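Engineer: The structure follows.
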Amino acid sequence: MGAVWLARDFCLFLLLLNSRQSAARPENRDPCAEESDGCHIDAICQNTQGSYKCTCKAGFKGDGKHCEDIDECDLEYNGGCVHECNNIPGNYRCTCHDGFNLAHDGHNCLDVDECKFNNGGCQHTCVNTMGSYECRCKEGFFLSDNQHTCIHRSVEGLSCMNKEHGCAHICKETPKGGVACECRPGFELARNQRGCILTCNHGNGGCQHTCEDTEQGPICKCHVRYTLHPDRRSCVERDEATTESSDHNATSFTEVDKRVKRRLLMETCAVNNGGCDCTCKDTSTGVRCSCPVGFTLQPDGKTCKDIDECELHNGGCDHFCRNTIGSFECNCRKGFKLLTDERSCQDIDECFFERTCDHMCVNSPGGFECVCNKGYTLYGLAHCGDINECSVNNGGCEQRCENTMGGFECHCHPGYKLHWNKKDCIEAEGLPPANPPSKPTLNCSKQEGGDRCFLTCQSQVHISSGTEDSYTVTCGMPLPCLAEAQKNNSETPSVPRIKTTATFRSGTTKCNLKRSQERLKESLNSAHSDSRFLFTENIQFSYVSLRCTSSGRRMRSRHGRKASEEDGSSITAEFELDVNLEEVTAESCDLNCVRRRSEKRLRKTIRTLRKSINREQFHLHFAGSDYELAKSLGQPVDLPGQCVAGQVLVGRKCVSCTAGTYYDGDQGRCVLCPAGTYQDEEGQMSCELCPGPEGRSNSKVVGARNISECGGQCSPGQYSHDGFIPCLPCVLGTYQPEVGRTSCFPCGGNLVTKHTGAVSFQQCETKVQCSPGHYYNTSTHRCIRCPMGTYQVEFGQNYCIACPGNTTTDFDGSTNIMQCKNRQCGGELGDFTGYIESPNYPGNYPANIECTWTINPPPKRRILIVVPEIYLPIEDECGDYLVMRKSSLSNSVTTYETCQTYERPIAFTSRSKRLWIQFKSNEGNSGKGFQVPYVTYDEDYQELIEDIVRDGRLYASENHQEILKDKKLMKALFDVLAHPQNFFNYTAQESREMFPKSFIRFLRSKVLRFLRP
């Protein structure tokens, strides 16, 4: 053999030497080099002595002057391919049916085990089959129409909910109350109208090579180079078969030996792909094998071996790398998403989604945090509830405490007045009257043919932000405060006050409390000075509250959206107006008469105000600047530097002025509170005066962040007659946890403290030490469990804290605020898109809860549901469960049912036109629960949608699973499914950037098959 190769190399050397010598003699022409040979483009020109000859390339036939492609797929038994042979110019390629992968020899096809990847998406058991797989259910369950989830079997009635219906695959209820059977794709309904017969269209009929349909079912056959395995499905190479006779084997081996010798002497890509595993190319020295991307050529020069890309630089993946045959897959940590380059991981901005937090959302790499406004506390991980401050030691009030939304107020008994610390009560006699603050004023005028209104607030302005597109602005003093002041000051006559509430809606604006352009401020000044702009309204209120909410976010139902709803904003205004006693005359108009006049004037003012808001001509004027309440949805993006009130631009982001500062409109920046003032909230426009003896502040602290930083007040554990130094320590048996107080709280029950100056009840010497979830009763000197709706996190306290908002606990003795849960759930859901959400989600749902939802789509629409993940306690018996069926009847058609945690996503269509959904928990369980989005779509797309959601490839890839969990991507998909015209809102570039290439390829194949005539 070595001599043969040596001889061939020597001949090649002589040929090259001869060609160089020929090139040295210019008088000899070289037709092959001059391309004047007349050889076909698929032929090789070879010089001969004084001439040349044309020879067709391997894979072509002809005389060299004319060459045509040899169709290898018509020769040698399908080109040696066991499934499909694809002829290409000069060569051929073998491909495999779905459910198979091409073997390394480039000809055989091997079964893919779909169950290895995420259990094939099956809820219970995944069973791999040749060319496919199937999901199976545990005892007592049967497979739903989506072929992946399992439904609990009914024990009563002959319906699709009873396994005894006899349908092998899919059961449908008929209008007359009977049942009709259907089969999965690739199966045919048997003559008994119950069973399903496998065909070659499903998983190649379970055959590894060739499948033929017969009346009895598929029959498997093998390629001529293979023989059928005793399992009647698999195929093995004939050289390995033991069923043939020894003589026949001897003959076979002889023939094989001859073929091998011929192949060694004259190897060509036209014969068995040149022996290459993958790509073969004919060269002057023989065949050259190469491998596709993801494989490397082995030392034998023929075989291809998979490359583990993850071994080198983690495959280029940002986070996790998983090797696959011929490729690899990148995955990201929780809280990150894979970008379209399928390598990089990007943080998911959870704050982008409208349902993430009730109030404010702070994004961080891989996570987020919900933050509540002042006076509210976080529960259920994302929700904000009002704090009932009065439940904790009476709110620190000396006499009476009244809880309000976002705060509380202390009140005093008759004959007493509230101290500057707003908690103690002091005698009312001898106190100098305080200067009344300026009142908020509303001015309206006719300008440019319409109404324009300005609300001016000079003092007592407070701004609080809710969600991204909502806020509340108040100015003036509300009635409870004034009423208490009047009650405590007997010399001040009681002033009647009118209260009213009005709501102004706009379908084209979005809440946006931002500074107006300078010309608006000038317009206000000109309105005051120019006689042409006469005020049509000029009214002084005692108190005004404006709450703006963007209906596209918060006015929408938390669980769904009706077709008639529109994006926009609404402003809820509360007005309080004092009746002018000077208008009362004994002769013509008494107090009731004046009150009626005032109410009439107020109604007229509200009508004018409504017109100005509709024209977007209503502005706030405070802290030396003008502010717009909302902006048009069609307006361009805000110019740089345009931030909401109380915020300043830092880099390219608007940041609220911190506590201890305020926003100065003239300077356009955050400024430290001057000495003698403080500010304990973010994003405010002014600072509050520090208290001081006899109403004078002696504070020299700049940038005070709370009233205690103003200085000069008694520290916790001390008191004085006015709350300022010099102070005395709390005597034995008393304590004081706050600054600036005029007295100390008694321990009660004749309890004493070890030392003077105690700062909390925990320093009182109780007879027993109470653990969290309990409070100390000073009358019985026993520890009492906190009642339902309250909790206590600390040891040795004498109170329990009330749960925030409308939440309560499952049991008594709760020890954490996270045990406070919202039990609100259920209702009629929207027509197009919405959510089915366990109560208190994403916090744990309550025990012993029952929720019922209904979805009634518009005519000719169907329901698609995606369950990204669901968390229910795993038990032997279903304690907590979620079920979706046609009606409340237990034997009605069921679409989905589960009572266990299921972290893999699943998508499915409803088996019935409408859905009745119920979630129920027992008295001992709790879990994170679920947030399940749904969409209704045109029933013309039913076949396409079902083809997509029933395909196991939708769930086989981890990246595909992450798509079904990606709220942003699902929102885009649902948006287009609900309203197909919205497809044009997304550019091609956006679509490519949103979805991985593998997912786009998966969808494209489905859509093309659906659209194919």
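Backbone N, Cα and C atoms are what each Cβ position is placed from, and that goes for glycine too.
The annotation signal peptide is assigned in TrEMBL to 1-24. Annotation source TrEMBL lists domain 'EGF-like' at 28-68, 111-147, 306-346, 347-385. Residues annotated as disulfide bond in TrEMBL: Cys351-Cys361. The domain 'CUB' annotation in TrEMBL covers 825-937.
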Engineer: For the disulfide-bonded residues listed here, Cys351, Cys361, which shows the highest count of neighbouring CB atoms within 10 A?
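Structural biologist: Ranked by Cβ atoms within 10 Å, first place goes to Cys361.
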Engineer: Please spell out the DSSP helix, strand and coil residue counts for the domain 'EGF-like' (306-346).
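Structural biologist: DSSP classes over the domain 'EGF-like' (306-346) add up to 7 helix, 16 strand, 18 coil.
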Engineer: Over the span of the domain 'EGF-like' (347-385), how high is the average pLDDT in this prediction?
Structural biologist: 86
Engineer: If you run through the domain 'CUB' (825-937) with DSSP, how many residues end up as helix, strand and coil?
Structural biologist: 0 helix, 52 strand, 61 coil
